[in-house]
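All remarks here apply to the structure that follows.
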């Protein structure tokens, strides 16, 4: 008796959530997925980058993909209800919803959606992401959007939370100049490499965050073929902007704040005009230890 094992759909050895092609985001929009180690500043980076794109005259949509649903609060200045919570209220009859029920306008016209997530230990985050995109398409809310940013939960790269990679053109990885952050980045590079076999997503580069220096990031980039697209030092104004529930573009324009604003504007311009798809060759765990962990 023989059996046949079909080739994995999303990269060799992976068993992942496959999105319905009917809910793909339309061609034309720049779609960016932001990943990185938990607590590294992805939501701050995503929100400020969304604000920067809007400053360049682009119509921007940010989708938070985290059960904490705190991705967009610096844009909206509040915690907004999640798509999954709103759908549950109408017993998942999406035709009963209006766009204003789940999409909220934030700073400088940035549109904000929080997908939310299933209760802890149940369900799949990838399903929630898919339902969010499906809902946006049903209401024709993606047709005039120039830039879509997915802000993704922590450094989880399972099939569910890798789902935004199936919609994205590019992935930006946020990291600090330390071993743990770079170790997580290496795992994310592996996930993107697997997805790139069957989807359009490519590595867009690295965002160095909360780091005075970038020597460890530079060593990793040189070894793996990555590139740093922006460098944000540990500036107190960025921390204070989170406490004030606002973007860096709404802070008093001190010298430090203007420098950060310009770096975000430069990152946005480069993602629009000057980004090169990176191949990215992840290291084995032991290789990272040898490269960064021990002298």
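Heads up, the Cβ atoms here are built off N, Cα and C, so glycines get one too.
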Pick the one from 68, 78, 244 that Swiss-Prot also lists for the ATP site with 39, 40, 41, 42, 43, 44, 209, 210. 68
Just to verify: the residue among 39, 41 with the fewest other Cβ atoms within 10 Å, which of the binding-site residues is it? 39
Candidate with sparsest Cβ neighbourhood (10 Å radius) among 68, 210, the listed binding-site residues: 68
Excluding its own, the Cβ atoms lying within 10 Å of the Cβ of residue 43 (ATP binding site) add up to 24
